[in-house]
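Chemist: Here TrEMBL flags B:115-218 as coiled coil. Annotation comment: TrEMBL describes B:17-204 as domain 'Autophagy-related protein 16'. Residues annotated as region 'Disordered' in TrEMBL: B:549-568. What TrEMBL lists as repeat 'WD' is B:329-362, B:373-414, B:415-448.
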Amino acid sequence: MHYPIGLLFDLLASSSALPWNITVHFKSFPEKDLLHCPSKDVIEAHFMSCVKEADALKHKSQVINEMQKKDHKQLWMGLQNDRFDQFWAINRKLMEYPAEENGFRYIPFRIYQTTTERPFIQKLFRPVSTDGQLHTLGDLLKEVCPSAVAPEDGEKKNQVMIHGIEPMLETPLQWLSEHLSYPDNFLHISIIPQPTD
Amino acid sequence: MEGPGVLGAPAARWKRHIVRQLRQRDRTQKALFLELVPAYNRLLEKAELLARFSEELQPEPDDVTLSVHQGPWEKESHQGLSPAALRVKWQEEVEGLRLVCGEMAYQVVEKSATLGTLESQLEERQSRLAALKARVEQLEEVRAKKAGQVHARRALNEEQRAAYEALRARVGHQEAALRRLEEEARDLLERLVQHKARAAAERNLRNERRERAKQARVSQELKKAAKRTVSISESPDTLGDGIREEAETLVVAAKPGSLESEAGEKWKRPFRSASATSLTMSRCVDVVKGLLDFKKRRGHSIGGAPEQRYQSIPVYVTTRLPTQAHDVLDAHLSEVSAVRFGPNSSLLATGGADRLILLWNVVGGHLKANQTLEGAGGSITSVDFDPSGSQLLAATYNKAAQLWKVGEAQSKETLSGHTDKVTAAKFKLTRHQAVTGSRDRTVKEWDLCRAYCSRTINVLSYCNDVVCGDHIIISGHNDQKIRFWDSSIRVFSNESALHMRWPKYWSFSFSISPSSEHPGLNSFGWTGWISLESKGLSRVFSNTTVPTQSPLFSQKEPKSPASGLNGL
């Protein structure tokens, strides 16, 4: 579960008060569940693979393959050194789409739920419908994870959280993918039970 | 690291919702820890330092719980590690810092002092600058004023230059006009000269033609006359008749003239009278009286027909010596030698060397041109009106006297026969008779009806002037004699000459007018104003009848050579 930390917090500890207390284990690494991280390069490779996968969904990998090696490096260095400008200079290209289409080919997203055994839901989903309408978050959820969406009449059982906020279900998916993606260009969506407070 | 975030001014509802949510999240989750994390990092570093220090110092009983996740952290964690050494160290640091602070304070004071001086300098500079600015303004004003003056001067200059140019242009125009006028004047003068020349040529031509015509006629007559036979008898009557018959209407020319003078000479011999020629005064007077006496008639008179006389109209007007000329006129082309008033005083005739006689009317004290009589063959020496005022007789250098009718410009008759210049020609009081005197030492009497010379008197010297009375002819001569001739007698003698101390002027004239005091007696006398030379005269004739005025008044000035004396 090499997930971004924010995602993990949203998923697992959104109700806990900040600062988040985590227990760091220095012994008994769970070999079966997790991969070792021998060096920084592994993390970089993992990050880059996520980026490529996202771009494959968005642009059929055209944009990411056009970039040079130094651009990929720049992406990682910007992320590593907390340099947004450096990062965004390259990442912006990954957020563009040709003018004749109204959005990406497919939206790279993963929906995480704690209640299921499945790690996440990732499916092909177009941002624009056949009649030109932009799909919303609600459409995605209905399509992909209908159980997450509360029925109209019933009370809301789950919270749909991205980046610690709960956007409205009518938010266009294309927009969410462009603006609320994680550095690896994925929309990591957490479905958590509604807090009872 | 969280993904790229917030937009600005979202329009849609979901955008606004997202923005709100993000803001809220940041508030609750981020802001509290924004400063915490870097502070914590710094603390971490310091903790490492401390850890190193603590290896040398004994561990304090107080537990140092490195709780990273708990909120408040204190500097008390530092206290546990060798407080004394730290205190010492820090006191040193404090001292150092205090020193530094003192130095700084001193520097601050210094700097403030320099600042003060600099400020005062600045103020001084500024005040100087202000003064200079004021001065600059003053100078600017002065400059502006001067510029204004310059401008005004220039305007004045322009005006004057313009005026000057205008004047120059005017001068140019005037000069051009002057030149034009001068040219015109020259043209006019040329034309005038040409005109005059043409007129003169014309006149000459006419005169020549007339002369030639006359000559032709005369020669014809002569030829005719030469063919006729002449019978000469001794009787004066028949002689006269004979002569008269020969000469017809024309006056004889040279040859018949000689014939006639022969005849005249013949007469003279038998007819010389024995009249007294005494030179003494009283006897002169007596002689004169006798000559002039109408009652005495000696011999036959010439011409059997009863003589018609003009009634003389005695008009006496008070006269004075003329003191100034009333009117001055450039009348003739050259000198004027004869001036005569007509009998009724309205007409004046002037004749001169230009062979013209001009008639004038006296109007209001000025002369007005009346007529021009031409045709004279030579310069005119004297002019005389006949008593009726209708005819005019002029004596010319051309050895002839010519007769005009007043009103006709051409002379009708010429009395020729003299052999030299005719100096005087006068009408006699008897009609149609005239007397001429000339330098050929003859005085001739003419009968104008028949146009021939009825008598010739030979005198011994040039006759300068002739005066006629009823029967008397007085002639003045170059030999200082005045000779009296009785025209009623046939024979003239020299005895009646009166010698006068008379300075020789080459012409002088005198005239006689009848006086009313002595009817029937012509009297004459000399007035005192004849300043010329008449001193002797006045004395001589003091016992003559007192003269009275005469209508005939010479307008010539007494001083001129052609002076005349008027017998008044």
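Using N, Cα and C of the backbone, Cβ positions are placed for all residues, glycine too.
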Chemist: Within the repeat 'WD' (B:415-448) only, compute the mean pLDDT.
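Modeler: Summarising the repeat 'WD' (B:415-448) by its mean pLDDT gives 82.
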Chemist: Could you count the residues of the repeat 'WD' (B:415-448) that DSSP puts in helix, in strand and in coil?
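Modeler: Result for the repeat 'WD' (B:415-448), in helix, strand, coil order: 0 helix, 21 strand, 13 coil.
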Chemist: Tally of helix, strand and coil residues over the repeat 'WD' (B:329-362) according to DSSP?
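Modeler: Secondary-structure composition of the repeat 'WD' (B:329-362): 0 helix, 18 strand, 16 coil.
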Chemist: Can you name the far-off residues of the same chain, 6+ from the ends of the repeat 'WD' (B:373-414), with a Cβ under 8 Å from a Cβ of it?
Modeler: 203, 206-207, 210-211, 214, 251, 310, 312, 337-344, 347, 349-359, 420-427, 429, 434, 436, 438, 440, 446, 448, 451, 465, 507, 509
